[in-house]
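Chemist: The structure follows.
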Amino acid sequence: MDSEPVNVREFQKLAKEALPKMHYDFYAGGAEDEHTLKENVKAFQRITFRPRILIDVSNINMETTILGYKISAPIIVAPTGCHIYAHPEGEVVTARAAAACNTIMVLSFASSCTIEEVASSCDAVRFYQLYVCKQRYVSAQLLARAESKGFKAVVLTADTPKIGRREADIRNKLTAPQSKNLEGLLSVEADSKGGSDFGAFASETLDPSLNWKDIAWLKSITKLPILLKGVLTAEDAQKAVEVGVDAIIVSNHGARQLDYAPASISVLEEVVQAVAGAVPVLFDGGVRRGTDVFKALALGAQAVMIGRPVIYGLAAKGEFGVKRVLEMLKDELELTMSLNGCCTVKDITRNHVRTEGDRLRSLM
Ligand SMILES: Cc1cc2nc3c(=O)[nH]c(=O)nc-3n(C[C@H](O)[C@H](O)[C@H](O)COP(=O)(O)O)c2cc1C
Ligand SMILES: CC(C)CC(=O)C(=O)O
(Lines of atoms letter the chains of each structure in order from A and count residues from 1; the text may use other names and numbers.)
(Lines give C-alpha, C1' and ligand atoms only; values in the text may rest on other atoms or scores of the structure.)
(Ligands and ions follow the chains in the order given, each with its own letter.)
Protein backbone atom coordinates (compact mmCIF):
# COMPACT_ATOMS: atom_id res chain seq x y z
CA MET A 1 0.00 0.00 0.00
CA ASP A 2 1.60 3.30 -1.07
CA SER A 3 -0.62 5.75 0.80
CA GLU A 4 -1.14 6.15 4.55
CA PRO A 5 -3.96 4.03 5.95
CA VAL A 6 -7.23 5.93 6.31
CA ASN A 7 -8.93 3.41 8.58
CA VAL A 8 -7.99 0.77 11.11
CA ARG A 9 -8.61 -2.15 8.74
CA GLU A 10 -5.92 -0.93 6.38
CA PHE A 11 -3.30 -1.50 9.08
CA GLN A 12 -3.96 -5.22 8.85
CA LYS A 13 -2.71 -5.33 5.27
CA LEU A 14 0.42 -3.38 6.21
CA ALA A 15 1.06 -5.73 9.13
CA LYS A 16 0.70 -8.74 6.87
CA GLU A 17 3.32 -7.28 4.53
CA ALA A 18 5.65 -6.47 7.43
CA LEU A 19 5.55 -9.74 9.35
CA PRO A 20 6.79 -13.30 8.80
CA LYS A 21 3.80 -15.52 7.97
CA MET A 22 4.08 -17.49 11.23
CA HIS A 23 3.70 -14.37 13.33
CA TYR A 24 1.05 -12.69 11.21
CA ASP A 25 -1.04 -15.88 11.33
CA PHE A 26 -0.64 -16.06 15.11
CA TYR A 27 -2.03 -12.56 15.49
CA ALA A 28 -4.75 -12.78 12.88
CA GLY A 29 -5.92 -16.34 13.41
CA GLY A 30 -8.89 -17.76 15.27
CA ALA A 31 -9.96 -21.21 16.44
CA GLU A 32 -10.78 -24.08 14.06
CA ASP A 33 -13.08 -22.96 11.17
CA GLU A 34 -12.85 -19.33 12.28
CA HIS A 35 -16.63 -19.04 12.18
CA THR A 36 -16.70 -16.89 15.31
CA LEU A 37 -13.77 -14.83 14.02
CA LYS A 38 -15.88 -13.73 11.04
CA GLU A 39 -19.03 -13.37 13.13
CA ASN A 40 -17.32 -11.02 15.60
CA VAL A 41 -17.09 -8.49 12.77
CA LYS A 42 -20.24 -9.39 10.84
CA ALA A 43 -22.54 -9.16 13.85
CA PHE A 44 -21.68 -5.46 14.15
CA GLN A 45 -22.79 -4.97 10.55
CA ARG A 46 -26.28 -6.22 11.43
CA ILE A 47 -26.79 -3.40 13.95
CA THR A 48 -28.00 -0.08 12.58
CA PHE A 49 -28.52 3.34 14.13
CA ARG A 50 -31.57 5.33 15.13
CA PRO A 51 -29.90 8.75 14.85
CA ARG A 52 -31.45 11.83 16.43
CA ILE A 53 -31.32 15.19 14.67
CA LEU A 54 -31.30 18.89 15.51
CA ILE A 55 -29.18 18.49 18.62
CA ASP A 56 -26.34 20.95 19.19
CA VAL A 57 -23.25 18.79 18.74
CA SER A 58 -20.68 21.57 18.53
CA ASN A 59 -18.96 20.21 21.67
CA ILE A 60 -18.35 16.49 21.92
CA ASN A 61 -16.77 15.03 25.06
CA MET A 62 -15.76 11.36 24.87
CA GLU A 63 -14.15 11.17 28.31
CA THR A 64 -15.21 8.43 30.66
CA THR A 65 -13.97 6.64 33.77
CA ILE A 66 -13.12 2.97 34.32
CA LEU A 67 -12.99 1.89 37.97
CA GLY A 68 -12.56 5.57 38.81
CA TYR A 69 -9.73 6.24 36.34
CA LYS A 70 -10.39 8.95 33.77
CA ILE A 71 -9.60 8.14 30.13
CA SER A 72 -9.91 10.26 27.01
CA ALA A 73 -12.43 7.94 25.33
CA PRO A 74 -14.05 4.58 26.12
CA ILE A 75 -11.42 2.73 24.11
CA ILE A 76 -8.68 0.78 25.89
CA VAL A 77 -5.96 -1.65 24.86
CA ALA A 78 -6.86 -5.35 25.26
CA PRO A 79 -4.31 -7.79 26.65
CA THR A 80 -2.52 -9.49 23.78
CA GLY A 81 0.62 -11.58 24.07
CA CYS A 82 3.99 -11.54 22.33
CA HIS A 83 4.33 -7.97 21.02
CA ILE A 84 7.98 -8.66 20.29
CA TYR A 85 6.94 -10.47 17.12
CA ALA A 86 5.41 -7.18 15.95
CA HIS A 87 8.14 -4.81 17.17
CA PRO A 88 11.64 -5.42 18.55
CA GLU A 89 10.84 -3.42 21.69
CA GLY A 90 7.49 -5.12 22.25
CA GLU A 91 4.94 -3.98 24.84
CA VAL A 92 7.03 -1.03 26.01
CA VAL A 93 6.17 0.68 22.71
CA THR A 94 2.48 -0.19 22.95
CA ALA A 95 2.43 1.12 26.51
CA ARG A 96 3.88 4.47 25.41
CA ALA A 97 1.31 4.82 22.65
CA ALA A 98 -1.58 4.00 25.00
CA ALA A 99 -0.28 6.53 27.52
CA ALA A 100 0.06 9.19 24.81
CA CYS A 101 -3.60 8.62 23.95
CA ASN A 102 -4.60 8.95 27.63
CA THR A 103 -5.96 5.49 27.83
CA ILE A 104 -5.43 2.26 29.75
CA MET A 105 -3.38 -0.66 28.50
CA VAL A 106 -4.03 -4.13 29.86
CA LEU A 107 -0.67 -5.91 29.89
CA SER A 108 -0.89 -9.58 28.93
CA PHE A 109 0.43 -12.38 31.11
CA ALA A 110 2.04 -13.59 27.87
CA SER A 111 3.87 -10.29 27.26
CA SER A 112 7.35 -10.36 25.77
CA CYS A 113 8.60 -7.45 27.92
CA THR A 114 8.73 -7.74 31.68
CA ILE A 115 6.21 -6.15 34.02
CA GLU A 116 9.02 -3.93 35.31
CA GLU A 117 10.07 -2.76 31.82
CA VAL A 118 6.51 -1.78 30.98
CA ALA A 119 5.98 -0.11 34.35
CA SER A 120 9.06 2.05 33.92
CA SER A 121 8.38 2.88 30.24
CA CYS A 122 6.11 5.80 31.10
CA ASP A 123 3.61 7.07 33.65
CA ALA A 124 0.13 5.71 33.03
CA VAL A 125 -2.73 3.78 34.53
CA ARG A 126 -2.31 0.12 33.55
CA PHE A 127 -4.09 -3.13 34.35
CA TYR A 128 -2.50 -6.58 34.51
CA GLN A 129 -4.04 -9.65 32.82
CA LEU A 130 -3.58 -12.91 34.68
CA TYR A 131 -3.62 -16.52 33.59
CA VAL A 132 -3.75 -19.04 36.37
CA CYS A 133 -0.97 -21.58 35.92
CA LYS A 134 -0.89 -25.14 37.16
CA GLN A 135 2.01 -23.86 39.24
CA ARG A 136 -0.11 -21.30 41.09
CA TYR A 137 2.87 -19.65 42.73
CA VAL A 138 3.95 -18.43 39.27
CA SER A 139 0.68 -16.54 38.81
CA ALA A 140 0.78 -15.29 42.39
CA GLN A 141 4.33 -13.98 41.97
CA LEU A 142 3.62 -12.21 38.68
CA LEU A 143 0.53 -10.58 40.13
CA ALA A 144 2.48 -9.45 43.21
CA ARG A 145 5.10 -7.92 40.91
CA ALA A 146 2.43 -6.11 38.89
CA GLU A 147 0.77 -4.83 42.05
CA SER A 148 4.05 -3.58 43.48
CA LYS A 149 4.82 -1.84 40.18
CA GLY A 150 1.60 0.16 40.36
CA PHE A 151 -0.77 -1.75 38.09
CA LYS A 152 -4.26 -0.74 39.18
CA ALA A 153 -6.41 -3.81 38.52
CA VAL A 154 -6.18 -7.48 37.59
CA VAL A 155 -8.00 -8.89 34.57
CA LEU A 156 -8.59 -12.60 35.18
CA THR A 157 -9.02 -14.38 31.86
CA ALA A 158 -11.49 -17.19 32.43
CA ASP A 159 -12.12 -18.52 28.93
CA THR A 160 -8.81 -20.32 28.57
CA PRO A 161 -8.77 -23.45 30.77
CA LYS A 162 -7.11 -24.98 27.74
CA ILE A 163 -5.80 -23.26 24.64
CA GLY A 164 -8.12 -23.20 21.61
CA ARG A 165 -7.25 -25.14 18.48
CA ARG A 166 -5.54 -22.61 16.21
CA GLU A 167 -4.82 -24.50 13.07
CA ALA A 168 -2.59 -21.89 11.45
CA ASP A 169 -0.26 -22.12 14.45
CA ILE A 170 -0.23 -25.91 14.26
CA ARG A 171 0.53 -25.80 10.53
CA ASN A 172 3.24 -23.16 10.97
CA LYS A 173 4.73 -25.01 13.97
CA LEU A 174 4.59 -21.76 15.93
CA THR A 175 7.44 -21.50 18.40
CA ALA A 176 6.87 -21.15 22.15
CA PRO A 177 6.46 -17.56 23.41
CA GLN A 178 9.49 -15.58 24.51
CA SER A 179 8.52 -14.43 27.97
CA LYS A 180 11.15 -12.71 30.07
CA ASN A 181 8.61 -12.55 32.92
CA LEU A 182 8.71 -16.30 33.27
CA GLU A 183 12.50 -16.59 33.35
CA GLY A 184 13.54 -18.44 36.48
CA LEU A 185 9.90 -19.27 37.24
CA LEU A 186 8.76 -21.56 34.47
CA SER A 187 10.29 -23.24 31.47
CA VAL A 188 8.75 -22.47 28.09
CA GLU A 189 10.09 -25.77 26.73
CA ALA A 190 7.26 -28.16 25.88
CA ASP A 191 6.72 -31.22 23.75
CA SER A 192 4.65 -30.10 20.78
CA LYS A 193 4.39 -33.59 19.28
CA GLY A 194 5.03 -32.05 15.87
CA GLY A 195 2.47 -29.22 16.17
CA SER A 196 2.82 -25.76 17.67
CA ASP A 197 5.28 -25.32 20.54
CA PHE A 198 3.21 -22.33 21.57
CA GLY A 199 0.14 -24.52 21.99
CA ALA A 200 2.14 -27.16 23.82
CA PHE A 201 3.55 -24.55 26.21
CA ALA A 202 0.03 -23.20 26.90
CA SER A 203 -1.37 -26.70 27.52
CA GLU A 204 1.40 -27.50 29.96
CA THR A 205 1.01 -24.18 31.77
CA LEU A 206 -2.68 -23.22 32.01
CA ASP A 207 -4.60 -24.68 34.96
CA PRO A 208 -7.77 -26.37 33.67
CA SER A 209 -9.02 -26.86 37.23
CA LEU A 210 -9.60 -23.10 37.65
CA ASN A 211 -13.19 -22.58 38.83
CA TRP A 212 -15.56 -20.15 40.58
CA LYS A 213 -14.18 -21.01 44.03
CA ASP A 214 -10.78 -19.69 42.93
CA ILE A 215 -12.04 -16.11 42.86
CA ALA A 216 -11.77 -16.28 46.67
CA TRP A 217 -8.15 -17.48 46.25
CA LEU A 218 -7.44 -14.59 43.90
CA LYS A 219 -8.95 -12.14 46.38
CA SER A 220 -6.76 -13.63 49.10
CA ILE A 221 -3.57 -12.86 47.17
CA THR A 222 -4.34 -9.36 45.88
CA LYS A 223 -5.94 -6.11 46.94
CA LEU A 224 -6.49 -5.05 43.34
CA PRO A 225 -9.98 -4.87 41.84
CA ILE A 226 -10.77 -7.93 39.71
CA LEU A 227 -12.19 -7.77 36.18
CA LEU A 228 -13.45 -11.13 34.92
CA LYS A 229 -12.75 -11.58 31.20
CA GLY A 230 -14.57 -14.06 29.00
CA VAL A 231 -18.20 -13.81 30.16
CA LEU A 232 -20.71 -14.67 27.39
CA THR A 233 -23.91 -15.65 29.24
CA ALA A 234 -26.38 -14.14 31.70
CA GLU A 235 -25.82 -17.11 34.03
CA ASP A 236 -22.09 -16.51 34.32
CA ALA A 237 -22.59 -12.76 34.61
CA GLN A 238 -24.84 -13.30 37.64
CA LYS A 239 -22.35 -15.70 39.20
CA ALA A 240 -19.56 -13.20 38.64
CA VAL A 241 -21.55 -10.57 40.52
CA GLU A 242 -22.31 -13.06 43.31
CA VAL A 243 -18.64 -13.95 43.82
CA GLY A 244 -17.84 -10.26 44.00
CA VAL A 245 -15.79 -9.32 40.96
CA ASP A 246 -15.46 -5.60 40.33
CA ALA A 247 -16.18 -5.63 36.59
CA ILE A 248 -17.09 -8.02 33.81
CA ILE A 249 -15.58 -8.19 30.35
CA VAL A 250 -17.78 -9.66 27.64
CA SER A 251 -15.30 -11.40 25.34
CA ASN A 252 -14.78 -14.54 23.30
CA HIS A 253 -11.02 -14.00 23.29
CA GLY A 254 -11.05 -12.60 19.77
CA ALA A 255 -12.52 -15.94 18.57
CA ARG A 256 -9.28 -17.77 19.40
CA GLN A 257 -10.78 -20.18 21.91
CA LEU A 258 -14.18 -21.78 21.26
CA ASP A 259 -15.27 -21.67 17.64
CA TYR A 260 -19.05 -21.18 17.36
CA ALA A 261 -19.05 -19.20 20.56
CA PRO A 262 -21.38 -16.28 19.86
CA ALA A 263 -20.09 -13.05 18.41
CA SER A 264 -19.35 -10.98 21.51
CA ILE A 265 -21.56 -8.07 20.44
CA SER A 266 -24.54 -10.44 20.03
CA VAL A 267 -24.52 -11.33 23.77
CA LEU A 268 -23.49 -8.00 25.26
CA GLU A 269 -27.05 -6.93 26.02
CA GLU A 270 -27.92 -10.26 27.67
CA VAL A 271 -24.96 -9.83 30.03
CA VAL A 272 -25.69 -6.17 30.72
CA GLN A 273 -29.30 -7.02 31.64
CA ALA A 274 -28.21 -9.84 33.94
CA VAL A 275 -25.70 -7.59 35.70
CA ALA A 276 -28.37 -4.90 36.12
CA GLY A 277 -25.85 -2.17 36.94
CA ALA A 278 -24.20 -4.08 39.82
CA VAL A 279 -20.75 -3.74 38.23
CA PRO A 280 -19.43 -2.14 35.03
CA VAL A 281 -19.42 -4.23 31.87
CA LEU A 282 -16.57 -3.89 29.37
CA PHE A 283 -16.50 -5.43 25.93
CA ASP A 284 -14.14 -6.74 23.27
CA GLY A 285 -14.21 -8.60 19.98
CA GLY A 286 -14.28 -7.28 16.43
CA VAL A 287 -14.17 -3.56 17.15
CA ARG A 288 -12.76 -2.00 13.98
CA ARG A 289 -14.71 1.27 13.65
CA GLY A 290 -15.89 4.13 15.82
CA THR A 291 -19.40 3.02 14.86
CA ASP A 292 -18.64 -0.35 16.52
CA VAL A 293 -17.57 1.44 19.71
CA PHE A 294 -20.81 3.43 19.70
CA LYS A 295 -22.89 0.26 19.18
CA ALA A 296 -21.21 -1.48 22.13
CA LEU A 297 -21.80 1.57 24.32
CA ALA A 298 -25.44 1.76 23.24
CA LEU A 299 -25.88 -1.88 24.26
CA GLY A 300 -24.51 -1.14 27.71
CA ALA A 301 -20.71 -1.42 27.65
CA GLN A 302 -18.77 1.15 29.64
CA ALA A 303 -15.77 0.83 27.32
CA VAL A 304 -14.38 -1.40 24.61
CA MET A 305 -10.99 -3.08 24.37
CA ILE A 306 -9.04 -3.28 21.12
CA GLY A 307 -7.00 -6.41 20.36
CA ARG A 308 -5.64 -7.09 16.87
CA PRO A 309 -5.78 -3.55 15.42
CA VAL A 310 -3.33 -2.39 18.10
CA ILE A 311 -0.90 -5.15 17.14
CA TYR A 312 -1.30 -4.35 13.45
CA GLY A 313 -0.55 -0.69 14.17
CA LEU A 314 2.53 -1.75 16.13
CA ALA A 315 3.77 -4.08 13.38
CA ALA A 316 3.15 -1.58 10.59
CA LYS A 317 4.35 1.65 12.14
CA GLY A 318 5.52 1.13 15.74
CA GLU A 319 4.42 3.60 18.39
CA PHE A 320 3.04 5.97 15.75
CA GLY A 321 0.97 3.12 14.32
CA VAL A 322 -0.61 2.20 17.67
CA LYS A 323 -1.38 5.86 18.29
CA ARG A 324 -2.93 6.22 14.83
CA VAL A 325 -5.15 3.17 15.40
CA LEU A 326 -6.41 4.53 18.72
CA GLU A 327 -6.82 8.05 17.32
CA MET A 328 -8.68 6.82 14.25
CA LEU A 329 -11.16 4.96 16.45
CA LYS A 330 -11.55 8.02 18.65
CA ASP A 331 -12.08 10.34 15.67
CA GLU A 332 -14.63 7.99 14.19
CA LEU A 333 -16.41 7.68 17.53
CA GLU A 334 -16.55 11.46 17.80
CA LEU A 335 -18.14 11.73 14.37
CA THR A 336 -20.55 8.87 15.09
CA MET A 337 -21.64 10.59 18.30
CA SER A 338 -22.18 13.86 16.42
CA LEU A 339 -24.24 12.22 13.69
CA ASN A 340 -26.34 10.33 16.25
CA GLY A 341 -26.94 13.48 18.29
CA CYS A 342 -24.88 12.52 21.36
CA CYS A 343 -22.52 15.02 23.02
CA THR A 344 -21.22 12.79 25.81
CA VAL A 345 -20.93 9.02 26.27
CA LYS A 346 -23.79 9.24 28.80
CA ASP A 347 -26.05 10.51 25.99
CA ILE A 348 -25.59 7.22 24.10
CA THR A 349 -28.63 5.05 24.84
CA ARG A 350 -30.19 1.76 23.84
CA ASN A 351 -32.63 3.76 21.68
CA HIS A 352 -29.80 4.79 19.37
CA VAL A 353 -29.41 1.28 17.90
CA ARG A 354 -31.58 -1.31 16.23
CA THR A 355 -30.39 -4.90 16.60
CA GLU A 356 -31.37 -8.09 14.81
CA GLY A 357 -33.42 -9.00 17.87
CA ASP A 358 -35.31 -5.70 17.61
CA ARG A 359 -36.10 -6.40 13.96
CA LEU A 360 -37.35 -9.92 14.72
CA ARG A 361 -39.50 -8.69 17.60
CA SER A 362 -41.03 -6.01 15.38
CA LEU A 363 -42.16 -8.74 12.96
CA MET A 364 -43.98 -10.75 15.62
C1 LIG B 1 -2.50 -12.25 19.20
C2 LIG B 1 -3.46 -12.24 20.35
C3 LIG B 1 -3.01 -12.54 21.63
C4 LIG B 1 -3.88 -12.53 22.70
N5 LIG B 1 -3.39 -12.76 23.94
C6 LIG B 1 -4.23 -12.68 25.00
C7 LIG B 1 -3.72 -12.85 26.30
O8 LIG B 1 -2.54 -13.07 26.51
N9 LIG B 1 -4.61 -12.77 27.31
C10 LIG B 1 -5.95 -12.52 27.13
O11 LIG B 1 -6.72 -12.46 28.08
N12 LIG B 1 -6.43 -12.33 25.89
C13 LIG B 1 -5.62 -12.40 24.83
N14 LIG B 1 -6.11 -12.16 23.59
C15 LIG B 1 -7.53 -11.78 23.42
C16 LIG B 1 -7.71 -10.25 23.51
O17 LIG B 1 -7.52 -9.80 24.82
C18 LIG B 1 -9.10 -9.81 23.07
O19 LIG B 1 -10.06 -10.54 23.80
C20 LIG B 1 -9.36 -9.95 21.58
O21 LIG B 1 -8.20 -9.77 20.83
C22 LIG B 1 -10.42 -8.95 21.13
O23 LIG B 1 -10.76 -9.14 19.81
P24 LIG B 1 -10.15 -8.31 18.57
O25 LIG B 1 -8.80 -8.83 18.33
O26 LIG B 1 -11.13 -8.61 17.49
O27 LIG B 1 -10.16 -6.84 18.96
C28 LIG B 1 -5.26 -12.20 22.49
C29 LIG B 1 -5.70 -11.89 21.21
C30 LIG B 1 -4.83 -11.89 20.14
C31 LIG B 1 -5.34 -11.52 18.79
C1 LIG C 1 -2.88 -18.73 25.58
C2 LIG C 1 -1.98 -17.59 25.84
C3 LIG C 1 -0.59 -18.02 26.23
C4 LIG C 1 -1.95 -16.50 24.78
C5 LIG C 1 -3.30 -16.05 24.36
O6 LIG C 1 -4.15 -15.72 25.14
C7 LIG C 1 -3.64 -16.00 22.95
O8 LIG C 1 -2.75 -16.21 22.13
O9 LIG C 1 -4.81 -15.79 22.64
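Cβ atoms here come from the backbone N, Cα and C positions, even for glycine.
Positions annotated as active site, proton acceptor by TrEMBL: H253. Among the features that TrEMBL reports, FMN binding site is placed at 79-81, S108, Q129, T157, K229, S251, 284-288, 307-308. The glyoxylate binding site annotation in TrEMBL covers Y131, R166, H253, R256. If you look up TrEMBL, you'll see 1-358 marked as domain 'FMN hydroxy acid dehydrogenase'.
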Chemist: Around G81 (FMN binding site), which residues of its chain at least 6 apart sit with Cβ under 8 Å of its Cβ?
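Modeler: The answer is S108, F109, A110, S111, S112, P177.
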Chemist: Out of Q129, R256, G286, R288, which binding-site residues lie by ligand 2, with a C-beta less than 6 Å from some atom of it?
Modeler: R256
Chemist: Given the model, what does the mean pLDDT over the domain 'FMN hydroxy acid dehydrogenase' (1-358) come out as?
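Modeler: A mean pLDDT of 96 is what the predicted model shows over the domain 'FMN hydroxy acid dehydrogenase' (1-358).
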Chemist: Over all pairs within Y131, R166, H253, R256, the annotated glyoxylate binders, what is the largest Cα to Cα distance, rounded to whole Å?
Modeler: 19
Chemist: How long is the line from the C-alpha of D284 (FMN binding site) to the C-alpha of H253 (active site, proton acceptor), rounded to the nearest angstrom?
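Modeler: Their Cα atoms are separated by 8 Å.
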Chemist: Determine, to the nearest whole angstrom, how far the Cα atom of R288 (FMN binding site) is from the Cα atom of H253 (active site, proton acceptor).
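Modeler: Here the two Cα atoms lie 15 Å apart.
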Chemist: Given the binding-site residues Y131, R166, K229, R308, tell me which ones have a C-alpha lying within 10 Å of the C-alpha of H253 (active site, proton acceptor).
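Modeler: Those near H253 (active site, proton acceptor) - Cα within 10 Å - are K229, in sequence order.
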Chemist: Of the binding-site residues listed here (Y131, R166, R256), which is spatially closest to P79 (FMN binding site) when Cα positions are compared?
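Modeler: Sorting the binding-site residues by distance from P79 (FMN binding site), the top entry is Y131.
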Chemist: For G286 (FMN binding site), which of the three DSSP-derived states applies: helix, strand, or coil?
Modeler: coil
Chemist: Starting from the Cβ of R166 (glyoxylate binding site), draw a 10 Å sphere and report how many other Cβ atoms land inside it.
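Modeler: The Cβ of R166 (glyoxylate binding site) has 24 Cβ neighbours within 10 Å.
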Chemist: G286 (FMN binding site) to R256 (glyoxylate binding site): how many Å between their Cα atoms?
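Modeler: Rounded to the nearest whole number, the Cα-Cα distance is 12 Å.
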